[in-house]
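The structure appears right after this line, and notes come after that.
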Amino acid sequence: MAKIVLDPLTRIEGHLRIETRIAGGQVAEAWSKGEMFRGFEALLQGRDPLDAPVITQRICGVCPISHAISSCKAIESACGLRVPANGLYLRNLILGANYLQSHILHFYHLSALDFVKVEALLGYTGRDPVLVDLKNWAESEIRTNRVLPVAPFLPKLPGDYAADPQWNLGALANYVEALEIRQEAHRMAALLGGKMPHAATLVPGGVTCVADAAVLEDFRARLRRVRRFIERCYIPDVLQAARLYPSYADIGRGPARFLSYGVFDEGASTWMPAGTVNGKGHEPLNLALIHEDTTSGFYRGNHKSHPKDAAAPIPQPDKPRAYSWLKAPRYNGLSYEVGPLARLVVAAAAGERSISQSLSALLRETGLREEQLPSTLGRHAARALEAQLLAARMEQWLDAMQPGAPAIVPYKNRDAGSGVGLVEAPRGALGHWITLKAGRIGSYQCVVPSTWNFSPRDAEQNPGPVESALVGTPVNEAYQGLEVARVVRAFDPCIACAVH
Ligand code: NFE
Ligand code: MG
């Protein structure tokens with residue numbers, strides 16, 4: 001087998017092609033290719049700044065809240081607005097609800113089927129009504145179509161799925177329950193955001209919703225239901241996946257360099273701190289060290305530009321040697337991993353004690369060593385742990401809300417200026433950079449989490465984080481790329497966001 005190509009890589013958001021060259025039974029080289037152009041940065045030029053949070057939320061239906069907050073913060077920094085504490089807590093609660101929805105979506109509905117043997121249903125003799133329903137459905141599909149049911153469980157790649165019936169059946173039942181739990185998380189975001197996806201209450205200056213005590217208690221009750229699911233299902237399922245697939249603690253390492261912008265504003269600081277980790281402890285974030293490289297992107301010219309100076313990219317689909325619609329973000333010239341694992345590693349390195357203790361406990365429970373955190377299992381475990389810690393923290397933000405206190409300051413535009421809005425989206429570091437010209441948007445740049453993780457090679461031909469994580473992945477020819485898909489999906493790709 002000379003190469004494995006997964007195109008499209010399914011059960012993700014957006015259009016991703018993964019190409020690998022195989023040598024000696026493992027991946028020797030990999031290419032991550034975003035397959036679609038969108039053009040949000042170009043269409044924002046010349047518009048009223050107030051359009052930006054509305055339009056950029058449409059970059060994605062999975063993480064619209066992060067784009068809205070990033071956009072609002074960029075405008076607030078350009079116009080000198082300070083959001084009151086109540087507004088910050090409301091943003092945390094809406095963003096937190098979106099994180100919980102997104103992490104549960106990622107594990108159960110996008111990734112778990114990489115590890116769960118759906119065929120286990122056919123031998124089911126128990127009485128769980130959800131499983132009985134699924135089994136009857138599977139059997140009727142086999143009677144009528146002579147194959148196991150189709151979407152959402154099949155088709156999928158063949159492979160070494162663990163035979164443990166308790167794991168397979170339990171995870172399938174939780175897959176179904178997770179649909180309802182995600183609905184609950186969406187309701188939480190909609191209670192304070194007006195609607196989901198694409199919230200209506202997030203505007204420059206703060207949050208427009210009136211969150212009285214009844215609304216907040218409704219939110220809290222739903223949060224507790226989601227929290228119970230995380231503790232009762234999500235965490236145990238991830239731990240069991242770690243027991244059943246221990247080799248994935250050593251598969252999918254990546255650059256082992258981590259970056260976080262920090263997130264969840266608590267007034268004086270953010271709960272998750274900003275910074276980078278590159279082998280030698282926590283380092284403060286220096287935004288001047290960020291640039292985007294267009295060498296491998298289907299865009300005119302080979303540029304290395306800081307987002308505050310960059311113009312909207314001009315598509316050039318026939319550009320020689322280009323192979324992706326993603327640009328390549330770099331920090332100090334190097335690729336960095338972003339996302340839940342990066343946030344926890346940066347927080348622990350920054351001395352955030354509750355997070356470092358939880359991370360140590362997670363290592364004990366999964367049996368992973370610290371150096372195995374950058375791995376396929378480490379990424380799933382970090383995402384689950386973050387969901388658990390966040391759900392607990394959200395109760396504190398509910399307690400910190402001051403009923404009746406303002407959540408917004410009046411918006412006043414400026415004719416000229418520039419600003420940046422940094423946030424952490426569920427999938428990692430998200431920044432929007434804006435310049436104002438005659439009161440309109442002069443330029444607008446988004447640098448997005450999946451752009452960091454799925455970036456192509458840069459001018460020095462250094463690969464992006466996922467491209468390097470794939471190198472060394474052992475592959476069995478009969479599995480048609482399942483091992484590759486497991487490594488890639490653990491990063492939680494959203495290529496709709498990544499290209500924008
Ligand atoms: Ni479309 Fe997104 C998140 C952002 S990912 S999901 O999380 O920003 O690149
Ligand atoms: Mg961009």
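The chain as shown is numbered from 1 upward.
Glycine is treated like the rest: Cβ placed from N, Cα and C.
Because TrEMBL annotations are produced automatically, they should be read as predictions rather than curated entries.
For GLU41, HIS500, the entry in TrEMBL reads Mg(2+) binding site. Under the DSSP three-state reduction, HIS500 (Mg(2+) binding site) is assigned to coil, being neither helix nor strand. Summarising the environment of HIS500 (Mg(2+) binding site), the number of other Cβ atoms within 10 Å of its Cβ, over all protein chains shown, is 24.
According to TrEMBL, the Ni(2+) binding site annotation covers CYS60, CYS63, CYS494. Around CYS494 (Ni(2+) binding site), the same-chain residues at least 6 positions away in sequence with a Cβ under 8 Å from its Cβ are ILE12, GLU13, GLY14, CYS60, VAL62, CYS63, ARG427, PRO449, SER450.
Cβ neighbour count for CYS497 (Fe cation binding site): 26 (other Cβ atoms within 10 Å of its Cβ, all protein chains included). Residues or ranges marked as Fe cation binding site in TrEMBL: CYS63, CYS497.
Cβ neighbours within 10 Å of CYS63 (Ni(2+) binding site), excluding its own Cβ and spanning all shown chains: 29. Less than 8 angstroms from the CB of GLU41 (Mg(2+) binding site) sit ALA312, PRO313, SER443, TYR444, GLN445, CYS446, HIS500, each of them six or more residues away in the same chain. In this structure, CYS60 are the binding-site residues from GLU41, CYS60, HIS500 whose C-beta falls under 6 Å of some atom of ligand 1.
In the three-state DSSP assignment, the secondary structure recorded for CYS494 (Ni(2+) binding site) is strand. Taken residue by residue with DSSP, CYS63 (Ni(2+) binding site) is part of neither helix nor strand, so it is coil.
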